[in-house]
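**Q** Supplied in C-alpha cells, the structure appears directly below.
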Amino acid sequence: MVLSPLFVFVLFTLVAALVLIQAGFSDAVAARRSDMPASAKDARRRSALLLMAGGVLALPVGFALLWWNDFGRGPVTLVPGVVTCLAIGLALSASSIDRVDRDSSEREASLVPRSLRSVVPLRFTVAAVVGVLLAIGGLIATTLTASADSFSNEMRAFSISHGDIGRTFSPYPGSFYSSPLIIAIVLVLVLALVCAKGAQRWGAVDTGVYDMALRTRIATRGVACAAAISAFGLFVAGFSLQKAAGAVASVGDTSWGWKAAGILGVGMMIYSGALGLWAIVRFVAPQPLVLR
C-alpha cells in the first residue's frame, strides 16, 4: 500500500499538533496557579510561545521536505527537519527566559546546584546520548557499506556478490541519505546542549522553585528532541543493516560479521522504539524538579 505524500503530511501534522497542544496545555495549566508570581507566568508564557513558533516553522519545512522527493531523500528527512525546528524554538526559549522583567530586585535563592544533573533527568539523558552515538555509528556503518545506484549514480544502494550469485537493493542509507541525517542529529544535539546550558543560568523568575521548574522543562524537552531524532536515525540504520544482512545470507555468504550486523540491527530497532516513546512522553510531560 502506497500512501500519498499529502496523506502522510496530514497524518504527521495531526500527530505533531496533538503533541504540541498537549505540551502547551500542560504549560498553560501550570501557569494558572494562583501562587505563581507574575515573572514566572510571563517566563512560562514566553517559553510556550517560542516552542509553538518552532512548531509553526515545522509546518512549511515538513511540507517542503515531503514534496522534495529527490529519490526519497525529502521524506526521509521529514522527521529530522521537524524535530530540528522544535529544537530551535526550545533553544530560543532557553536564551530568552532571563529577559523577563522581575517582580522585584530580589530573588529567592535555590539550594539546588546548577549542574546538568539538576535540570535534566539523568537516566533519560544517558539513554539519549547512547541513542545519538548508536545512530551516528549505525549511519556511518551503512555509509561505508553502500554502493552507487545504477539509476541515479548516488550512494544509495547495497550490493553483495558471492560466487556466481549477486544481489542489489535500493534505497539504502549511503551518504546520499545518511549525510543529511547525521547533520540533523548533530545540529539537534548542539541545540539540546544550548537548552541545557541556558538552563544553568539564573533568570528573571524571582522564586527559585518556579525558576528551576521552568528551566527543567526546557532542558528536558531539548534532550527529548535529541532522543527523538536519534531514535529515528537508529531505526533507519537498524532496519537497513538487518535488511543488508538478510541479503548477504541470501547469496550464501555466511560471514559472522554480517550475522552480527543483522542481530545488531534488530536490537537498534527495538531500542529506537523504546527511546522514541520515551522522548514523546518526556516532551509532552517533562518531569518537574522536586525541591526538598
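Placement of Cβ uses the backbone N, Cα and C atoms for every residue, glycine included.
Note: TrEMBL annotation is automatic and uncurated.
Bear in mind that the values here come from a model prediction, so they are computed numbers and not experimental data.
Pasting the relevant annotations from TrEMBL:
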- 6-26: transmembrane segment (TRANSMEM)
- 47-68: transmembrane segment (TRANSMEM)
- 74-97: transmembrane segment (TRANSMEM)
- 124-146: transmembrane segment (TRANSMEM)
- 176-197: transmembrane segment (TRANSMEM)
- 218-241: transmembrane segment (TRANSMEM)
- 261-285: transmembrane segment (TRANSMEM)
**Q** What stretch in 74-97, 124-146, 176-197, 218-241 has the biggest tally of Cβ pairs under 8 Å against the transmembrane segment (47-68)?
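**A** Highest pair count goes to 74-97.
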**Q** Which sequence-distant residues neighbour the transmembrane segment (218-241)? Criterion: at least 6 residues beyond either end, Cβ under 8 Å.
**A** 23, 47, 51, 76, 79-80, 83-84, 86-87, 90-91, 93-94, 97, 119-121, 124-125, 127-128, 131-132, 134-136, 138-139, 141-142, 158, 172-173, 177, 181-182, 184-185, 188-189, 191-196, 198-199, 261-262, 264-269, 271-273, 275-276, 278-280, 282-283, 286-287
